[in-house]
Amino acid sequence: MELVSMERKKFSTFITFWRLIRIFGSSYKLVLIIVLTAILAGMEIIISYSLKKLLDSVLHLDYITYRGLILLLIGITILQMVGRFFRTRLAGDYAESGIARLRNILVEYLIHLPIGELEKRHSGDLISRMTNDLNQIREFSTQTMISIIYQPLIALGAFAFLLTLNWKLTLITSFGVPIIFKTSSKLSNPIARYTKELQEKLALVNKEAQDAINGMEIVRAYGLKQVLIKKYNQAVDLSIRSGIKVVKWRAILLAISLFTNFSPFLICFGFGGYWVIKGQMTAGGLIAFITLLNPLTFPISQLPTLLGELKGQMAAAGRVFEILDIEKEREVGKIYTIQKEKPVIVFKDVKFSYPDGKKVLDGVSFEIWPGEKVALVGFSGSGKSTIFKLILGFYEDFIGEIELFGHSIKDWNLKALRENISLVSQETYLFPGTIEDNISFGNEKADYEAIVAAAKAANAHDFITELKDGYMTDVGEFGDKLSGGQKQRISIARALLKRAPLLLLDEATSFLDSQSEYKVREALNNIMNAGITSFIISHRLSTIQKSDRILVLHRGRIVETGSHSELLEKNGIYKTLYLHQIIRGLELEEKEVVM
Ligand SMILES: Nc1ncnc2c1ncn2[C@@H]1O[C@H](COP(=O)(O)OP(=O)(O)OP(=O)(O)O)[C@@H](O)[C@H]1O
């Protein structure tokens, strides 16, 4: 196993390269780019050869050959210009469409990742992989990829041609190439390592910036600007340090490049000059050889830098593939029709721990029947939201049995299951877009009348129509342009529009002003009275009293069940919750509310 992973590591640059090429697809474009590059490399060789011949013709005062060669060089230069134009366009096209394809795959992948996997990562890190790391891939596909095709082709062409001129001198001059290749390859490994480190540090910078922006209000209110700036600067410092390491190794490879550019000439002069002195070679032959040496030495001199860039870019691409290597959320499963006579939710001795090992549920059992309104209460952190996450199939590695609408959740197709569930979560998330868009996410087929009806039932219609653009009002990022109560009512409208047979409602813990509180409460009453099964994480006595049953979650188990008065009489956990204000007895009389 270890051996396999070592082998994988050894070939990681090649494997990542291959995976990229497969994602980029359009193999005909790639073939065209390679063919064009080969033709351009061939032209480069012809130009070098013609220059040598041109020199000969000048020395021999051969005007006809001279004129012919000048015309040939002009023709080839024009062809080269045209060829380069098409190759650059084609390569750009190939790179941009490849990057777009990769970005689409990534977004599609992120949407299908299990929630547990997303919760493990900071969104700043994910965004960094989709921006900074993708930029490295863009550099690879627009520049490095062309060079790694072009340079070796020129070198090979020049090598073959030089062999025909003087095979001995060619072999001696090229003797160092494998050593240069091996050394450069070894020296470029740290670049891969430090580029990966740099990309990770840039992700950290992204994360700190994102945290600062998201928490801007708290930052200002608590005077945390300096703390955040310090954290941000620390992240920037770390990224600079990694960046300097990358630059240092690049500089080393650049220095080697200069040496590798010069050394073949030195070798050539050393041996060739000696042979000329000994009369084993003509001076003209040596000059011709040296003229044609450049197309061989230049690609060799580029090798160290090129390998460094390639490995660095592949390391960044590797970070993108780390996301694509995570197993997607299960897509298989049966699509059942809902049977009214079966319980909607059944938990049988469910035990669950989060991936970090935190044990939350320790044998939870309960049943909820169609049409019931059940409240779930418990201390903060007792696992109420975790139960919702399990019902929605966000985590599947629990022990025990969870049945929804009469079937084990593990048999359900998760997408089909979720179509039968409406969720109003504690933190109301609104997408950037209009109010109408945000409500219609509940049911994209719903027409305008249905959207308005849902908004009316959610007590949102009046405030929406008072806005300048009504239903077309842009809610801003995270719905920032609306108040907490307004956002909640829009999310309730969204849930009502969905008309799913099961409603999961996580009642917000935050206090709203009395008017908003009243309006939200009324909206909740409407939703609870809509005849659907509702399971509500509740903190308000008003909601609890309207429920048919209360489940009390404590230390990972349902410890009490009954109505408000029954549970108070029991003098148990529920009463403690009530006395600790976890259940807020705050009752608003309608007359108190200024309408
Ligand atoms: N993704 C997670 N990874 C690890 N632990 C988690 C995760 N989500 C929640 N927890 C932990 O699991 C426990 C139960 O959390 P949960 O959110 O279910 O509680 P809750 O009863 O809904 O709390 P509250 O009433 O405050 O919303 C808590 O101790 C919490 O720290």
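Using the three backbone atoms N, Cα and C, a Cβ is placed for every residue, glycine included.
When TrEMBL is compared with the stretches 63-82, 203-222, the one noted as transmembrane segment is 63-82. In TrEMBL, the feature transmembrane segment is placed on 283-301, out of the ranges 283-301, 492-510. Using the rule of three or more Cβ pairs under 8 Å, pairs at least 6 apart in sequence, the transmembrane segment (30-51) is in contact with the transmembrane segment (283-301).
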